[in-house]
Amino acid sequence: MCGPAMFPAGPPWPRVRVVQVLWALLAVLLASWRLWAIKDFQECTWQVVLNEFKRVGESGVSDSFFEQEPVDTVSSLFHMLVDSPIDPSEKYLGFPYYLKINYSCEEKPSEDLVRMGHLTGLKPLVLVTFQSPVNFYRWKIEQLQIQMEAAPFRSKEPCMAEEVCSMSWYTPMPIKKGSVVMRVDISSNGLGTFIPDKRFQMNINGFLKRDRDNNIQFTVGEELFNLMPQYFVGVSSRPLWHTVDQSPVLILGGIPNEKYVLMTDTSFKDFSLVELSIDSCWVGSFYCPHSGFTATIYDTIATESTLFIRQNQLVYYFTGTYTTLYERNRGSGSWIRVLASECIKKLCPVYFHSNGSEYIMALTTGKHEGYVHFGTIRDGQVSFEMLPRQWSVCEQIGVTTCSIIWSEYIAGEYTLLLLVESGYGNASKRFQVVSYNTASDDLELLYHIPEFIPEARGLEFLMILGTESYTSTAMAPKGIFCNPYNNLIFIWGNFLLQSSNKENFIYLADFPKELSIKYMARSFRGAVAIVTETEEIWYLLEGSYRVYQLFPSKGWQVHISLKLMQQSSLYASNETMLTLFYEDSKLYQLVYLMNNQKGQLVKRLVPVEQLLMYQQHTSHYDLERKGGYLMLSFIDFCPFSVMRLRSLPSPQRYTRQERYRARPPRVLERSGFHNENSLAIYQGLVYYLLWLHSVYDKPYADPVHDPTWRWWANNKQDQDYYFFLASNWRSAGGVSIEMDSYEKIYNLESAYELPERIFLDKGTEYSFAIFLSAQGHSFRTQSELGTAFQLHSQVDVGVVLADPGCIEASVKQEVLINRNSVLFSITLKDKKLCYDQGISGHHLMETSMTVNVVGSSGLCFQETHLGPHMQGNLMVPVFIGCPPGKRLAFDITYTLEYSRLKNKHYFDCVNVNPEMPCFLFRDIFYPFFLIQDLVTGDSGSFQGSYVLLVVGGGPTLDSLKDYSEDEIYRFNSPLDKTNSLIWTTRTTRTTKDSAFHIMSHESPGIEWLCLENAPCYDNVPQGIFAPEFFFKVLVSNRGVDTSTYCNYQLTFLLHIHGLPLSPKRALFIIMVSASVFVGLVIFYIAFCLLWPLVVKGCTMIRWKINNLIASESYYTYASISGISSMPSLRHSRMGSMFSSRMTEDRAEPKEAVERQLMT
């Protein structure tokens, strides 16, 4: 609607002069606290943008968040850190982006402010919260946060100053697998300028890509940079539909006659106008009675990975590229048309995911009237099913024609609530609420909506019993709204019906029947905003019966008058609301402003508390004459003056929020400014910290229950040495890494408010107290039997439970008469009735607790420097089941100690593996397990019962195989008759069917059998040592442990050595070994007996050979010298005789020596 509708003239003002003066005085008085806040606190705000890794230090740049993979740009720097507690051989990666942080105050340059803040000690603290993924079958459910301290960095711009001209603070922008939605909370360290905390949405945009020129562009269409006024001025607002807390990219259509949508990945802090690349075709047929064609995108729904749109009767979807969620090839290349043969008249959102999937509903007209197309989205894959599966809704409720107007899905009950319009012959149209169960395919008619609006007769609400009188105005329902936490159901149209049990409905008479609701914005935390067809805004607190008009109203008149006086850039005299939505329990508007023929699209907060307070004060005030003047006083309808929460327990045990802390490395520079290398090292340290968290899911428990223990385990003793190096500026690389700066936090303190959510295990309690200071004298005495007087308070507190059969609450009142106050102690407890067992964080039951101070709804406000805050109504979602962050681990440390104590010895494998110690086959195996709480750091012995099964195994790690169900039964069941048991125990307790043993920490232990048909029987040794075997062991407490809702399942490998051989193989080895041994003995004896003879024979053979050689030499010489003279011959004979004699003389002593040695 156009701007004037947002700035109504209001009712005619009284023309009495004093009343006009009082109105002006009222505006000043109501803004007085604001003026005081401006005087004492500068209106400063944090500013955060995203910068790529390579653009650190550049001014005026902001990057889009679409890169999702770690970058290898920091590993070379870690190799220089030789004198640091880290291991340079580890793999350190970085993230693609940094967070650049500044702040600004009104009428002051930002550069001067940031520089002043740095010099006064200001340091931004950044808390990044990773949203858990939808598909818990692929990713672990966890509530993870990392707190970082921003590092100061000088700008790269030219500077004439000696130290710094402009600067900013930087922290890494971490990315976690499975998470695409991240909240960034910026706060101050308490020094320097006071700056209120601020939250930013930093979500991954999977609908962006780089073109050939390295420019970023949208994959869904073409971005437009000119926001023409005709796109927004005079256009009706429309709802913003998305999966709550899971959608990284929001999309909003409704621009007339254009294929344009608004897209944002920062919840409209910034946005883009995109023309979608769809065909815009329209196919008319006899079953699809469309009267015309338009290019307008009517319905838009955003999920975790996929966008849905409806144009005319056509439905399209586009899946983003999210490598952190699934494979890269899941992203769409273009818009995909679904339900091509159907005529779709409306898309209905499903606000919450369940069972690892998200959902969407499409309502048809034409040939499949009376059916709902139910869409399921998981990991970017979309599938539709037509429901009901057999007969249409019309046929099952017994009418010939009907039309489904709206559909609401209650995920926890697998139920569709359908608003059905039906015709009965010539009668007028009637409306019913129909329930359809998607699991059982059962349909039930829940409620017949009255034909006419009831006559309230001045009452705020009216119970619909069928006996009340009615007006002549027909009911025209348009939709159904269900809050899964408190089970409240609203049927809305030109009326409001409310129910908590789907059977009995209450008519809320404050909403005028002359108006018609267009859509409802839901916070799911107890507040609902209503937008009518005439763009009026109404407000409702769930569970109460008052409906407040926010716009147009007297309160809005006062508020906008003050804003225009302050020349706020968020308000104008001509404005159009595009949508109304909740974010973090706060109501926001997306508004198009027209100032001096210039348009601007802004997101602004709707100050609900201020509007209600202004409206209350403008309607209820007194004029008292004192002397010669009138005194203005306001009536305070709030039953208390002060409300505080006390005795709040440590939040992490109930919120299941895991938090890490990471500080930047210390730079060895006089100015304290970081450089690109130190920031890159900061990136690598944060990455490694989160990597340690992701891999801390080993079945073998560490001696110290902390993911960071292994990081510093070998360097803690040298901490003083590293401190000495840093103190003397001798640390390598110019940075010093402090081990205590990277840790997991287990002792978060309560923030004096109820937690965002509460998880309750079996029989768990949550206790807190509410302190209320009453207005005036709110106590009375009353005599009761047995006491003289009993003190009673006029201030009462009520606790409303959505499921009283599952949880219970007790309230104890303590009257503090001397302080005119009351202390209410409230305890919420699980009743152990509504949940069986489940995996940690899976399939939790959703319910809620609401605490109301009687008579305070919409009337009580607390003044703060950030504005008024509504009090008296507290609503907390409660999740019943196995909380996230709890796991079962094999206590290898105590198991080894206890085994050594009981067996009197311990023998490890020959090849020792510290990560997987061995156990000897013949020893009794005493397993112990730990319940580790990853959130609080608690780690204690598992005291419950469990079933232990060997589900796989193999002689080596490479030959491991999983056993079939039949094999698992034969290898583990005491009922087995096939001689296949692997182990046994003296425990007599078994499951109900006696199939398996039930064990506990008090069990007598396990004896290994490996019978004849077991896989570990008769294994061939891989060497000279006894055979080994690896058992894959499954431990589960499902169905046998009643102490918890948690279905603990642990699978780990057990290394057993010293397995015995089968009798046949043992006999064979003995026979072979004995044969070899006997053969060796016989050979040795024979060798000892025959050796002297062999030596003697060898000697004689040698002597004969020598003689033979000498004889041959003599005869050869004689024949050659026969022709010589006789003297020569005679001389030769004498020489030869002399030589022979000399040879014989040498041989005789040699033979004598050999005989002596042989004897």
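A Cβ is built for glycine as well, from the same backbone N, Cα and C atoms used for every other residue.
Annotation source Swiss-Prot lists compositional bias 'Basic and acidic residues' at 1142-1159.
What Swiss-Prot records for CYS44-CYS105 (among others) is disulfide bond. Within 10 Å of the C-beta of CYS44 (disulfide bond) we count 19 further C-beta atoms, all protein chains included.
For CYS159-CYS165 (among others), the entry in Swiss-Prot reads disulfide bond. Long-range C-beta contacts of CYS159 (disulfide bond), restricted to its own chain and to partners at least six residues apart, with a cutoff below 8 Å, comprise CYS165, SER166.
Positions annotated as disulfide bond by Swiss-Prot, on the basis of similarity to another entry: CYS288-CYS343 (among others). Of all Cβ atoms in the protein chains displayed, 22 besides its own lie within 10 Å of the Cβ of CYS343 (disulfide bond).
In the three-state DSSP scheme, CYS394 (disulfide bond) is classed as helix. Cβ neighbours of CYS394 (disulfide bond) (same chain, under 8 Å, six or more residues apart in sequence): GLU369, GLY370, THR400, THR401, CYS402, SER422. Annotated disulfide bond per Swiss-Prot: CYS394-CYS402 (among others), in sequence order.
Within the same chain, residues at least six positions away from CYS638 (disulfide bond) with a Cβ under 8 Å of its Cβ are GLN775, SER856, LEU859, CYS860, PHE861, GLN871, GLY872. Sequence annotations record features per position, and here Swiss-Prot assigns disulfide bond to CYS638-CYS860 (among others).
Annotation comment: Swiss-Prot describes CYS806-CYS834 (among others) as disulfide bond. In this structure, CYS834 (disulfide bond) belongs to neither helix nor strand by DSSP; it is coil. Listed in sequence order, ASP803, GLY805, CYS806, MET845, ILE880 are the same-chain residues six or more apart from CYS834 (disulfide bond) with CB atoms under 8 A from its CB.
The annotation disulfide bond is assigned in Swiss-Prot to CYS882-CYS1046 (among others). Counting only residues at least six positions away in the same chain, the Cβ atoms of ASP761, GLN837, GLY838, ILE839, SER840, GLY841, HIS842, LEU844, THR1044, TYR1045, CYS1046, ASN1047 sit under 8 Å from the Cβ of CYS882 (disulfide bond).
What Swiss-Prot records for CYS909-CYS918 (among others) is disulfide bond. Over all protein chains present, the Cβ of CYS909 (disulfide bond) has 17 other Cβ atoms lying within 10 Å.
According to Swiss-Prot, the feature disulfide bond maps to CYS1010-CYS1016 (among others), an assignment based on similarity to another entry. Around CYS1010 (disulfide bond), taking its Cβ as the centre, 23 other Cβ atoms fall within 10 Å, counting all chains.
Remark: ASN102 (N-linked glycosylation site) has TRP46, GLN47, VAL48, SER110, VAL114, SER168, TRP169 as non-local neighbours, by Cβ distance under 8 Å and separation of at least 6 in sequence. According to Swiss-Prot, the feature N-linked glycosylation site maps to ASN102 (among others), an assignment based on sequence analysis.
ASN355 (N-linked glycosylation site) is surrounded by 17 other CB atoms, counting those within 10 A of its CB over all protein chains shown. The N-linked glycosylation site feature in Swiss-Prot is assigned to ASN355 (among others); the stated evidence is sequence analysis.
According to Swiss-Prot, the feature N-linked glycosylation site maps to ASN426 (among others).
Summarising the annotation, Swiss-Prot assigns N-linked glycosylation site to ASN574 (among others) and lists sequence analysis as the type of evidence.
Per Swiss-Prot, the feature region 'Disordered' maps to 1139-1159.
According to Swiss-Prot, the signal peptide annotation covers 1-35, on the basis of sequence analysis.
The local packing around CYS860 (disulfide bond), expressed as other Cβ atoms within 10 Å of its Cβ over all shown chains, amounts to 24. Among the disulfide-bonded residues CYS165, CYS806, CYS918, CYS1016, the residue whose Cβ has the fewest other Cβ atoms within 10 Å is CYS165. Calculated from their C-alpha atoms, the gap between CYS1016 (disulfide bond) and CYS918 (disulfide bond) amounts to 16 Å. DSSP assigns CYS1046 (disulfide bond) to a strand segment in the three-state reduction. Cα of ASN355 (N-linked glycosylation site) to Cα of CYS105 (disulfide bond): a distance of 46 Å. Ranked by CA distance from CYS918 (disulfide bond), the recorded positions CYS44, CYS105, ASN574 have CYS44 at the top as the closest. Taking the Cα of CYS1010 (disulfide bond) as the reference point, the closest of the recorded positions CYS44, CYS105, CYS343, ASN574 is CYS343.
The number of other CB atoms found within 10 A of the CB of CYS288 (disulfide bond), across every protein chain shown, is 19.
Annotated pair CYS105 (disulfide bond) and CYS343 (disulfide bond), C-alpha to C-alpha distance, rounded: 54 Å.
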